[in-house]
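Student: Take this structure, written in structure tokens, and hold onto it; I'll ask about it next.
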């Protein structure tokens, strides 16, 4: 409850109490105990007890929703959750917390939610003027970019399956449709980047049918006139391990299934394709197609590997393949380059079907390709532009350079064991796919160039926080990225905001929040950070994951965030040995990582022999993929090339990204996953509450209601109007001009507050703030006219007040003079009367007084 005192007035009061299923349920207080309440739940009429801290105040009308949670009378986690539940039940997926947008995934297309008509409705509208929407955030970012002449970032965050990718697409659509008309084909190319990136970078997981398995920061650049000038895409940490193996129920990247479903009969035959369950890189996961009500009829029956299909309102493999072909064409890729892409993807599939067995005829213990997979060798060779025998030798043996015992530099062919050859084959497949993805992003960037850019709006979409039954190196990196972004959010919204209030002299109550700096230090602090320990392990002659795990526990002994797997609440995790896993307490929950493949996955360097092999390809584009120096991930140290680990590369990319974010104005969209079954319009209160708590939204809610999310400095406000000001206003100092402007607008003094250098607006007053900050000439002249009128009226009121003050003073002087005469007359009479009743001496004394009064 919000009060620590309880009285008989609490009896019968409706409150929220914690609940394991719904997060919070409504209940009425029936009794007060020494440490809590006895209550009766509204829905089940069940009697329960709760401690005081588990009971939260309820709104007077708990069935009434608000667009901005800051408008709630009682601010707590329960009212926040209930408001989101009410809006979601009414088909409204967006809700504000001041200028932060909460978006709950509906798992269903909503008519006209992102239509061109809706886009027009939100252009130029302030937050609060229209229903909460992702378009309102995009419009706010654009106007602040123009107003402040600084780049902006929209950070879309949330768990996997929360709808981040769709939110990012909506922002791009809004910006391009409003301000991309002059950009011509560049606008269309910007919008058509999504089919390409989703095909090659998204996949079905257990929690999301269209999960981004990489991070991307899409920058839309604008010219001085405010129109779209071009764009640039940065990408981070593609999950290459998915190319070779997926968990049960998950799929490989969409492109593999799109190609099988959508390839023309001639192309299907030329690439020697087959149903998904015929390929080793696909059959271990789910092999069904995504379809909609019509698309399943378009796919040839002999291409299905399972009778089941998945119906999805957004994804359709055969339709998406057609969109992909169109998007590739708009990105400037011709038929030959498209054919190169299809051949490479099919070549990877056939490469995965090559299997190995021990060669009994090889005295050195080498292996050979099995007879059953010779056809796969031939197909992979042809599609990748390699000679079959060269590919055979490259896979079954590796080339080493002698450094001792012979002529220095002599190449030695070392046969590989079957498992070593299989590992090399998978490494080659992952390397080809990763380089192809890099090349595609580079081609997209070439198609959306910009010559001059005054500023940009960047949209960040990274993989959300993940925790599965088995968590490996991919989840380790993804969750570290989310820790860094959560820390950025805490710093930008909670810490820096409160520090600014304090420095500006605003009396705002301090809001406590959970800081995750110690968790970030666990990952990256030198020399005991987990990434550094992993890199050090790779340098050892015989690196093992057990030794790395043991060192991690020893180097961080007693660290609150790190523990052994046996401390997990999950039975399968408790069965792991201490040197086989790491239990890390993240901001969003505790995750147990299995470290078995950490060392291998941290090293993505391809064997020299395989790299030399691929450079012999007859396809120039294949060769070019591996000759791109920017993608080799190597740095030069002392004249030698030193491989950069996956973790180190990712840390460097993440550091560069955060530098960009720190130099931009930021806008936050918090995406929420409503349920784990991906069912449309099903609200899982407990799961949603957990996500809101982890995102720090309860703390933000309290801060935003108490604080002032919109602000501008006096000098910036004055400089906006300075050129248009008449002499009578130009001589005012910035602070005085700001006060005049606020008075002229008739703003309630409760809605804003003046600091030492800035003026601040309360949440919910964005419309008034935007009106004041608009830079179009008509609005500025209208406001200046209001200020001039207000000043004239203020001066007239001042002159009137001065005149009234003089008249009042004159009347007061006359009044006092009259009263003094009356006092004097009374005293004279009193003294005369007293003279005849007192002794002569006293009478003489009184005569003397009277004489003095007369003078």
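Quick reminder: no glycine exception, Cβ is built from N, Cα and C everywhere.
Automatic, uncurated: that is what TrEMBL annotation is.
Grabbed the feature section from TrEMBL, which reads as follows:
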type	residues	note
BINDING	158, 159, 160, 161, 162, 163, 164, 165	ATP binding site
DOMAIN	64-774	domain 'Myosin motor'
REGION	654-676	region 'Actin-binding'
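Help me see these features in their spatial surroundings.
Tutor: Note on residue 158 (ATP binding site): other Cβ atoms within 10 Å of its Cβ, all shown chains, come to 26.
Across the domain 'Myosin motor' (64-774), the model assigns an average pLDDT of 87.
Residues of the same chain lying 6 or more positions beyond the ends of the region 'Actin-binding' (654-676) and with a Cβ under 8 Å from any Cβ of it are 84, 88, 99-107, 134, 137, 140-141, 144-145, 148, 150-164, 167, 207, 217, 234, 236, 458, 460, 464, 480-481, 484, 488-489, 492-493, 682-684, 687-688, 691-692, 695, 697.
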Student: Can you tell me how many other Cβ atoms are located within 10 Å of the Cβ belonging to residue 164 (ATP binding site)?
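Tutor: Summing over all protein chains shown, residue 164 (ATP binding site) has 29 other Cβ atoms within 10 Å.
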Student: 10 Å Cβ neighbour count around residue 159 (ATP binding site)?
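Tutor: Excluding its own Cβ, residue 159 (ATP binding site) sees 26 Cβ atoms within 10 Å.
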Student: Restricting to the chain of residue 162 (ATP binding site) and a gap of 6 or more, list residues whose Cβ falls under 8 Å of its Cβ, or answer none.
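Tutor: Residue 162 (ATP binding site) has long-range Cβ partners 103, 105, 464, 671, 672, 673, 691.
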Student: Given a separation of at least six residues and a C-beta threshold under 8 Å, show me what packs close to residue 165 (ATP binding site) in the same chain.
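Tutor: 198, 202, 210, 212, 461 - these are the non-local Cβ neighbours of residue 165 (ATP binding site), listed in sequence order.
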Student: Using a 10 Å cut-off, grab the number of neighbouring Cβ atoms around the Cβ of residue 163 (ATP binding site), all chains included.
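Tutor: Around the Cβ of residue 163 (ATP binding site), 26 other Cβ atoms lie within 10 Å.
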